[in-house]
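Asks: Handing you this structure, nothing more for now.
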Amino acid sequence: MDRIDVHHHFIPPAYVEAFKTTGGDPSGWHLPQWTPESSLSLMDSHNTRTAILSLTAPGTSILAHSPGASATLAREINLYAAKLHNENPTRFGFFASLPHLTPDTIPAAIEEAIYALETLHADGITLYTRYTGTGYLGHDAFAPLWEELNRRKAVVFIHPTNTAADARNRSILVNPALPQPIIDYPHETCRTAVDLITSGTISRNPDVKIILSHGGGTLPILATRAAHLLYDAKLTSISPEDFLEQARSFYFDLALSGNDENMQLLVGRNGFAKGGHVFYGSDFPYAPVSTINKYVRMMEGFSVQGEEVEKAIARDSAVKLFPRFQMPADLRVGKTNNWGAFSACLLLPVGLSALYSVLQSRVHTYST
């Protein structure tokens, strides 16, 4: 069964250079080695035909101290991602990066989002769970960005980032064996999801499709608790029923979350996620290949809901959200590598258009 990986990171050269000038990842995690070939190798090993690339945290916020530099980095990263897609149209898509978000940089972020979606044909936009100095994604300052994304019916991929930080925005580790991506990131995803609901951002922008990383973090576990406590304590006017409906409107990837317990919670009997709202994700290259392999085996061993749910998670649900990666049915048979044939299908309209232009030119020449 072929897959579409919606949680697959890349590390552009410009991002590596930014890390060198700022002292490394503030989350406490390491910067792995990455090349496009390493992504393709992992994809082939798991029959993944398409990976939608994204920049992990902190993203362009690594240059939060310099808004201009952050905006320049976002553009360089998006151009690099678009180049990878153009060179490998069936294998790579991408979620575009934006400059570090503050109230002052929202206009630049909107400009970059429009450029990425309209000109570079990005598959969506990457946002992080919070931004230093502003807060979580339901903050009033972000409202114009959400309005623009809603107007465009955009897909937004939300990735967690570090929470507690020192004056240099570097993570405060209570235990060096607990880098924030391991434990804290799932909590951050829940926090920003609840913030989006209680701030009214979700209800005001119903046409944005939001993907939460890592199975939604702790949201599926805590949503009912939050829904009732917030309402009963009169901290929100949103009814528990409405709160839970909004919480279930998110999409969820299974990066590092495809174990049996999470699968039962999301897609088992009375699962938290709506049908068609759960996707495969690997978290390559930040997750070790050995860990990715384990989670793939766990997902393949989960069969409570049958083959249709398995196919939906692996590929079909993602195709509905990203139709440009639909593969003709006759090219999906078996496990043969048909990328070249599919590329030919994609490029055929381009060739026909060029042929039409040539013929038109000749007709014009003969007529004169």
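Here the Cβ of each residue, glycine as well, is placed from N, Cα and C on the backbone.
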Asks: Return the residue out of D283, D316 that Swiss-Prot annotates for the same Zn(2+) site as H7, H9, H159.
Replies: D283
Asks: With every protein chain in view, how many other Cβ atoms are within 10 Å of the Cβ of H7 (Zn(2+) binding site)?
Replies: 27
Asks: So which other residues, same chain and not among H7, H9, H159, D283, have a Cβ within 8 Å of the centroid of the Cβ atoms at the Zn(2+) site?
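Replies: Checked against the 8 Å cutoff, the neighbours are H8, S54, T56, S213, D253, A255, G281, S282, F284, Y286.
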Asks: Just jot down the residues in the same chain as H159 (Zn(2+) binding site), at least 6 apart in sequence, with C-beta under 8 A of its C-beta; none if empty.
Replies: S54, T56, A57, G59, T126, L127, Y128, T129, S213
Asks: For D283 (Zn(2+) binding site), what residues in its own chain, 6 or more apart in sequence, show a Cβ-Cβ distance under 8 Å?
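Replies: Long-range Cβ contacts: H7, H8, H9, H214, A255, L256, I292.
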